[in-house]
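**Student:** For reference, the structure I am asking about is given below.
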Amino acid sequence: GEKFGPFAGEKRMPEDLDENMDCRLMWEVRGSKGEVLYILDATNPRHSNWLRFVHEAPSQEQKNLAAIQVHEIFDCQECMKKFVSANQLKRHLITHSERRPYHCEICNKSFKRLDQVGAHKVIHSEDKPYKCKLCGKGFAHRNVYKNHKKTHSQERPFQCEECKALFRTPFSLQRHLLIHTSERTFKCHHCEATFKRKDTLNVHVQVVHERHKKYSCELCNKAFVTPSVLRSHKKTHTGEKEKVCPYCGQKFASSGTLRVHIRSHTGERPYQCPYCDKGFSKNDGLKMHIRTHTREKPYKCSECSKAFSQKRGLEEHKRTHTGEKPFQCDVCDLAFSLKKMLIRHKMTHNPHRPLAECQFCHKKFTRNDYLKVHRDHVHGVADS
């Protein structure tokens, strides 16, 4: 059939063009470095003249479809990757766009391509054919399962030459190396945190800022991201515990809770910090740890504006304003604002408590910090 598009025409060199020529039906063909190789002239009626009706593309990724073609190879203007067809290039250009028009109706996560939604939905399915023999966790995708198995291994053969940090995979090392070379160009739109990598920003948004939770428990109003997590949660109200730990026999209400518990036996830490590769057995642990890198303190006191990285820190601080002391000693009725203060106090009621003894005068103290003060003030010996 007839050949359409800017790649049908006569080759001309740029110096052969006349300023009076109609350039609307001419196309620059460029090399891999952006240099003009020649001009493709489609003004001859025997060539397609459909370019007369082409208007400027409304978005950047569509503008980039004005691709370079040399020997049937299509080059992306953003990253210079090469593709063998215009369709492949078009799919690739979406990765450079910030638009995510396709959404999962289960968890509301957004995607750039429709086929990504289909692949994602598998995680919501009960059918997870790839089972880990060490911890029993199931996976819908084989590549995710293979990556998971590495979390059981303590081997980290890939080392950073800059800081000597060790990593399990070359990809983890390559991702880490960016922290030594890149600037923080990716900013979170929820807070002031900035990042050197876009994937690190995505992890931050996912684990630090609250995700969309539309499935609520009618008994306690707690909300969850997926219906399967809600079903597991409801068992905490009924007392049903049908999941048994193969290591110690302890029972749990849900597979998720059992998996977290099994990690105490296997040492598995699947939640990896994108900054330092430190691992955690629970997502909450990773969330709190990430704030040590970002120095994010989202919990602010309404009384004095002091900020905290953890909600528990804010709750404990508020007691300094209210005077609340919920932790009471069952021996002498003294009350404390913090649980650790109560634990420390209760040691004074224990006749068999270990005592810290001064090596100079053999006086004994209930706490090491009391002994340090004593040695400094009485004996003039300060601890370094």
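Cβ atoms here come from the backbone N, Cα and C positions, even for glycine.
Feature table excerpt (TrEMBL):
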DOMAIN    74-101  domain 'C2H2-type'
DOMAIN    102-129  domain 'C2H2-type'
DOMAIN    130-157  domain 'C2H2-type'
DOMAIN    158-185  domain 'C2H2-type'
DOMAIN    186-214  domain 'C2H2-type'
DOMAIN    215-242  domain 'C2H2-type'
DOMAIN    243-270  domain 'C2H2-type'
DOMAIN    271-298  domain 'C2H2-type'
DOMAIN    299-326  domain 'C2H2-type'
DOMAIN    327-354  domain 'C2H2-type'
DOMAIN    356-379  domain 'C2H2-type'
**Student:** Quick check on the domain 'C2H2-type' (356-379): DSSP residue counts for helix, strand, coil, in that order please.
**Tutor:** 11 helix, 4 strand, 9 coil
**Student:** Who are the long-range neighbours of the domain 'C2H2-type' (327-354) in its own chain, taking Cβ under 8 Å and residues 6 or more past its ends?
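**Tutor:** Tertiary neighbours of the domain 'C2H2-type' (327-354) are 316, 319-320, 366-367.
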**Student:** Which range out of 74-101, 102-129, 130-157, 215-242, 356-379 gives the domain 'C2H2-type' (271-298) the most CB pairs under 8 Å?
**Tutor:** 130-157
**Student:** Would you mind listing the long-range same-chain contacts of the domain 'C2H2-type' (299-326), meaning Cβ under 8 Å and 6+ residues beyond its ends?
**Tutor:** 288, 291-292, 335-338
**Student:** So which of 74-101, 102-129, 130-157, 356-379 is most in touch with the domain 'C2H2-type' (215-242), counting Cβ pairs under 8 Å?
**Tutor:** 102-129
**Student:** I'd like the per-state residue tally for the domain 'C2H2-type' (215-242) from DSSP, helix first, then strand, then coil.
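**Tutor:** In the domain 'C2H2-type' (215-242), the DSSP-based counts are 12 helix, 4 strand, 12 coil.
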**Student:** Going by DSSP assignments with H, G and I as helix and E and B as strand, what are the residue counts for the domain 'C2H2-type' (271-298)?
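**Tutor:** Looking at the domain 'C2H2-type' (271-298) with DSSP, the answer is 12 helix, 4 strand, 12 coil.
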**Student:** Just to be sure I understand, if DSSP states are collapsed into helix, strand and coil, how many residues of the domain 'C2H2-type' (130-157) fall in each?
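**Tutor:** So the domain 'C2H2-type' (130-157) is made up of 11 helix, 4 strand, 13 coil.
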